[in-house]
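Since the structure comes first, as structure tokens, the remarks are kept for the end.
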Amino acid sequence: MLRVSLREISAALKEGRVSPTELCQRCLSFIKATKFLNAYITVAEETALKQAEESEERYRRGQILGDLDGIPVAVKDNFSTAGIETTCASNMLKGYIPPYNATVVKKLLDQGAVLLGKTNLDEFAMGSGSTDGIFGPVRNPWSYSRQYREKSVHNSHTENEDSNWLVTGGSSGGSAAAVSSFTCFAALGSDTGGSTRNPAAHCGVVGLKPTYGLISRHGLIPLVNSMDVPGILTRCVDDAAIVLGVLAGHDPKDSTTVQDPFKPFELTNFIDASKLCIGIPKEYHAPGLSSETLALWSKAADLFENAGAKVIEVSLPHTRYSIICYHVLCTAEVASNMARFDGLEYGHRSSMDKSTEVMYAATRREGFNDVVRGRILSGNYFLLKQNYETYFIKAQKVRRLIANDFVNVFRSGIDVLLTPTTLSDTIPYVEFIKEDNRTRSVQDDIFTQAANMAGLPAITVPTALSEKGLPIGLQFIGRAFQEQQLLTVAKWFEKQVKFPMIQLQGLMDYSHTVCQHQKSAFFS
């Protein structure tokens, strides 16, 4: 079974109930069985099997490297991977093979993790649906779940599968789909304004955005340097804590990482809820919030209150400016970061070479999609000399006010904030593309981007199924560098809600046929 947690499969490996090679082969067969989800851009089959064999040898000798030794993982395709193509789902980087690993990738490999491949995303991580990359959109595994199919069976438009499949959310939709469909036990995403938490909520998995500066960004192809954070996607909170313990800590190659050493922690099974103070931000009652999500949010608050916790309504007064502020700062930094893709040193280069200027312009027109070009143009507009003070500087000041709102709330005695992650459950692709990328991003990042601007840790936990049989997640936001407290609260909540596992029986049966040659007591 691949439906166990990372911790459980790690124990099975240590006890010899399954071998790293068997586990790797099983995951690779699941990737083939779920190829139509388009979760992966590159599957590094040979590399993965070699890494699994090396792990198996270490187990044989009793020299395992840690809890991740032999564990299959996936990485979003905007992290550099030595010898494996890294595209950012863009024509600009198609065919680019980095000469080095991102620090987070290196840390995973140093712990013996098996890298299965690179996952799909919105081009250069600009989007909230994982629909805008050059390799096509990612399909949400819940589109094919028994829970959703049974609820939508009477709906006439569901007969056409080509139009009825659901989006994963973005931009780390490939990583979320990979974890949700059991093809790997953990995946890396990136989180700039909610890009890990948004797809995690829509795919029914856990999505953790750590405190800015806790995990190295070295080798993460930047979108917004001042907000980007590597994110962690797993099937339970405990697994997120294990991966965080491997990835966190100072990196001399990234000056934004904190100097303080990080001590990995194990989450307790017990928590005294009566000592907790949970904040409910009143400004998060946003327009467009579905009645189901609102009811679930209210139920979650009652859950804490009934357990003895203090639940207090709090105010984050500058929240209403946050999405506009985020848009200005995001596009300004995008304009700066995308300037490096000029067709000279690496990546796509246009054949139109009448002059350097013509080559530059043609390269960027051919290499970037409309979304990326649009953000570059917006950012450059905000950075023009005559606009700089009016837009960019003012947005930086508002960002400080937003960050101070959180400081004031936490100083008042609040331990953790409880909020929605998304406005509603996910929607069909045909509905999603009726609105443009920017409009969608504004709607879908409304509850998540403020944590990035304040640099705070946040986690989304799958909470319940909607009336349509689709996942709805809730978000917890914690104090800076207090991941242990945040994850402890999230784990307690996870245990109370008992979110149901996705039922993909048809895929399971197909995958069993694909790999029936494998013999293992663990998989029987």
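Every residue gets a Cβ built from N, Cα and C, even glycine.
Contacts of K76 (active site, charge relay system) defined by a Cβ separation under 8 A and a same-chain sequence distance of 6+ are given as K118, T119, L121, A125, S172, G174, S175, A187, L188, G189, S190, in order along the sequence. Per TrEMBL, the feature active site, charge relay system maps to K76 (among others).
S171 (active site, charge relay system) counts 38 other C-beta atoms within 10 Å of its own C-beta, drawing on all protein chains shown. Summarising the annotation, TrEMBL assigns active site, charge relay system to S171 (among others).
Cβ contacts within 10 Å of S195 (active site, acyl-ester intermediate), excluding its own Cβ and spanning all protein chains shown: 39. Sequence annotations record features per position, and here TrEMBL assigns active site, acyl-ester intermediate to S195.
What TrEMBL records for 31-487 is domain 'Amidase'.
Here the CA atom of S195 (active site, acyl-ester intermediate) lies 5 Å from the CA atom of S171 (active site, charge relay system).
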